[in-house]
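Notes follow once the structure below has been shown.
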Amino acid sequence: MAIPVTRMMVPHAIPSLRLSHPNPSRVDFLCRCAPSEIQPLRPELSLSVGIHAIPHPDKVEKGGEDAFFVSSYRGGVMAVADGVSGWAEQDVDPSLFSKELMANASRLVDDQEVRYDPGFLIDKAHTATTSRGSATIILAMLEEVGILKIGNVGDCGLKLLREGQIIFATAPQEHYFDCPYQLSSEGSAQTYLDASFSIVEVQKGDVIVMGSDGLFDNVFDHEIVSIVTKHTDVAESSRLLAEVASSHSRDTEFESPYALEARAKGFDVPLWKKVLGKKLTGGKLDDVTVIVAKVVSS
């Protein structure tokens with residue numbers, strides 16, 4: 001069961017460039033021009049968004065354990081959370097935490113105390129979440145003047161494409177292979193202070209691809225670029241990316257990004273299979289959530 005594609009146009013409001021994050025040492029900057037070259041007046045920017053989600057084949061009935069939200073507030077806000085499936089071993093539904101986390105983020109996005117800051121929004125949404133469980137999260141907020149602010153905990157990801165090339169990508173945060181940083185109901189896990197924060201200058205025509213690890217574990221960068229370049233409609237490209245990821249995840253012979261990383265980290269088939277010429281291959285079965293957003297003039 002695939003969640004139907006949705007499309008929306010995000011309106012604009014009054015610009016603001018302030019970012020007052022409590023952990024500035026973890027903030028990365030990507031600027032394409034010197035401050036003297038930045039024009040004080042420019043067209044306001046917003047997002048045209050397409051979303052598609054496909055649950056894990058064994059989790060279709062409950063809709064999977066990923067969750068997401070998209071808001072039309074200010075230049076546009078979007079986020080993905082991936083519930084950690086290991087909680088099922090303790091008879092806890094892993095989807096509850098991720099869904100409540102996203103519901104809280106959506107509700108609090110225009111809260112005055114959040115100050116349109118991804119760190120504060122992650123913190124307040126996490127604090128308000130009462131379900132047992134844990135989740136990875138990525139959240140992006142667009143300033144109408146073309147500043148994209150990103151907060152990431154774990155291995156959900158975001159890539160920024162311009163003129164057919166990836167010019168920026170978040171990096172996954174992991175304790176070790178296949179064990180990502182995560183927000184949790186347990187006090188020993190990560191918080192917003194452990195998040196990776198980035199500030200990226202975007203321009204009209206840029207395309208943002210955001211998703212859970214079910215996308216990036218199964219789809220290579222060149223496939224993402226090819227699909228987004230050939231299919232400029234965001235609803236269509238999000239659907240195609242999700243379908244390719246889901247297809248690769250079920251292919252036991254596919255040389256997926258996940259399989260390549262696993263082998264690079266020392267994980268492989270038993271020795272007797274290696275003698276027979278076998279190696280670890282295949283995609284990673286998982287929920288797949290894809291958000292594709294095009295930067296447009298308001």
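Keep in mind that glycine also has a Cβ here, set from the backbone N, Cα and C atoms.
If you check Swiss-Prot, you get these features:
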- 48-295: domain 'PPM-type phosphatase' (DOMAIN)
- Asp82, Gly83: Mn(2+) 1 binding site (BINDING)
- Asp82, Asp213, Asp286: Mn(2+) 2 binding site (BINDING)
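Distribution of Swiss-Prot features across the structure.
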residue	record	DSSP class
Asp82	Mn(2+) 1 binding site	strand
Asp213	Mn(2+) 2 binding site	helix
Asp286	Mn(2+) 2 binding site	coil
Rounded distance in angstrom between the Cα atoms of Asp213 (Mn(2+) 2 binding site) and Asp82 (Mn(2+) 1 binding site): 8
Binding-site residues (Asp82, Asp213, Asp286), the one with most neighbouring Cβ atoms at 10 Å: Asp82
Other CB atoms, at most 10 A from the CB of Gly83 (Mn(2+) 1 binding site): 30
Residues within 8 Å of the Asp82, Asp213, Asp286 Cβ centre (excluding the Mn(2+) 2 site residues themselves): Asp66, Thr136, Asp155, Cys156, Ser212, Gly214, Leu215, Asp217, Lys284, Asp287, Val288
Arithmetic mean of per-residue pLDDT over the domain 'PPM-type phosphatase' (48-295): 95
